[in-house]
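**Q** Right, I'll just put the structure down here and ask away after.
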Amino acid sequence: MALVMPCALLFKPLPVSSSQPQRCDNSLASQLKSLINVDIWKRRKYVIWALVVPLALFGYFVPYVHMVKFVEIKFPESDGKLLVMCIGITSGVGRLIFGKIADIPRVNRIFLQQISFLSIGLLTMLLTVTNSFALLVVIALCMGIFDGCFISLLGPIAFEICGHKGATQAIGFLLGFCSIPLTLGPPIAGL
């Protein structure tokens, strides 16, 4: 995940062909400006989104990392890997469902993503208090659906906030910022 940010910095859009000759400015500042779209950082809505999403993702990978060990301790006769597989399968289904829902013009994509974050958080907390492995499977299936919602809305929200010119770098910076809490969350939760 930590490699996402340097990869985002390497992205350079294709030059737009023009019939008029353009002045070449080889200064370091102009080269950096051609690599990094600074216009996205002038959009208040993007700045808020790019700072809040990583905060919300602090506990995102915690279930993925600790779920199998949790099942080994609490339900020794059950296979915790099944729960991770359930999340993965229903995440794919959730991406398809919420991708279609997000295409509806009246749907507020940011609000939909907030609902998915809230749902994932509540379901993660429920994982620790359940006394039934069958209920754990149901919770994992639901977590996957909302995980698919979160993932499928990253692109549409970036396009909505930053337009088609800024969306690629908007997603790249967001994922780069997200790499920090995604990496630190599970070890801190483990402690």
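Glycine too: its Cβ is placed from the backbone N, Cα and C atoms.
TrEMBL: automatically predicted annotations, no manual curation.
What TrEMBL shows for this protein is this:
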SIGNAL    1-19  signal peptide
TRANSMEM  46-62  transmembrane segment
TRANSMEM  82-98  transmembrane segment
TRANSMEM  110-127  transmembrane segment
TRANSMEM  133-159  transmembrane segment
TRANSMEM  171-189  transmembrane segment
**Q** Cβ pairs under 8 Å with the transmembrane segment (171-189): which stretch of 46-62, 82-98, 133-159 has the most?
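**A** Answer is 46-62, with the largest number of Cβ pairs below 8 Å.
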**Q** Sequence-remote contacts (6 or more beyond its ends) of the transmembrane segment (46-62), Cβ cut-off under 8 Å?
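**A** Those are 40, 110, 117, 120-121, 124, 157, 161-162, 166, 170, 173-174, 177-178, 180-182, 184-186, 189, in sequence order.
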